[in-house]
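Notes for the one structure printed next.
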Amino acid sequence: MISVESKWTIIAIVFFTYFLVSWVYKRLEVVNLEKALLIRNGLRLLNLKHSLGIVLFGVLFYIIFPELRDLITNIEVPRLELLLSFVVLTILSAMISRISVKRIIQTEGGNSHYKFSNAWLYFIIRFVFLFCYEFFFRGVLLFSLLEYFNPTYAITLSVIAYLVIHLFDSKKEIIGAIPFGIVLCILAYQTQSIWYVFTMHLALSAVYEISIFYHQTLKT
């Protein structure tokens, strides 16, 4: 059993390691898929970053924190009002993402050197990364904070950490991380599972990134 001090030390090291990696990628101008598709080897670099995230956020904590595995293995249907809220919010996330990507497509032309066939490997890694990402922020971090704070404080601290990790993203993403982070934390707390928050995050990300990949490759 890992001591409390060791547990929080590992969480802090992982968080700041990925924060540093994000800073390096900001310097390389590979902050997201949209930018990566315009840079030679950009997609490979993004795959590398996400692969690192899978190990740090997912594999590592799944191995050393067995008490949190229930957040992955436990999948129960929530009460009706919560389930309906989840469905509505997931659809809303996909719609917001679609509206956002349409604006980008209308103002920017596709000029990537990549082919759409390159999407398979990227999206496999990306979606696994999102699952591990949610396991860390809405699982490991949130439920570790809940051991010491009430839900309001735990969610607030978790959202602050989520906001910090987005500091190298666009202003729109930084602002959006606040309400989105709150909703995901509440959903994870209510369902005691990361599957619902992963699904919602996947809806937001998949609609946006698949559209971007299609526009930047098949539309060249």
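Glycine is no exception: its Cβ is also placed from the backbone N, Cα and C atoms.
The average pLDDT computed over the domain 'CAAX prenyl protease 2/Lysostaphin resistance protein A-like' (118-205) stands at 96. Under the heading domain 'CAAX prenyl protease 2/Lysostaphin resistance protein A-like', TrEMBL lists 118-205.
Summarising the annotation, TrEMBL assigns transmembrane segment to 6-25 (among others).
For 46-65 (among others), the entry in TrEMBL reads transmembrane segment. Sequence-distant contacts of the transmembrane segment (46-65), counting only residues of its own chain at least 6 positions beyond either end whose CB sits under 8 Å from a CB of the stretch, comprise 2, 7, 10, 14, 17-18, 21-22, 25, 30, 32-33, 36, 72, 121-122, 125-126, 128-129, 131-133, 135-137, 139-140.
Residues or ranges marked as transmembrane segment in TrEMBL: 77-99 (among others). Counting same-chain residues at least six beyond the ends of the transmembrane segment (77-99), those with a Cβ under 8 angstroms from any Cβ of the stretch are 180, 183, 187, 190-191, 196, 199-201, 203-205, 207-208, 211.
Annotation source TrEMBL lists transmembrane segment at 119-136 (among others).
For 148-167 (among others), the entry in TrEMBL reads transmembrane segment.
According to TrEMBL, the feature transmembrane segment maps to 174-189 (among others).
Two recorded stretches are said to be in contact when at least 3 C-beta pairs lie under 8 angstroms, sequence spacing 6 or more; the transmembrane segment (148-167) and the transmembrane segment (119-136) fall short of this definition. As a summary of secondary structure, the domain 'CAAX prenyl protease 2/Lysostaphin resistance protein A-like' (118-205) carries 75 helix, 0 strand, 13 coil according to DSSP. Long-range Cβ contacts of the transmembrane segment (174-189) within its own chain (Cβ-Cβ under 8 Å, at least 6 residues beyond either end) map to 71, 82, 86, 89, 93, 134, 137-139, 142, 146, 151, 154-155, 158-159, 162-163, 166-167, 196-197, 200-201, 204.
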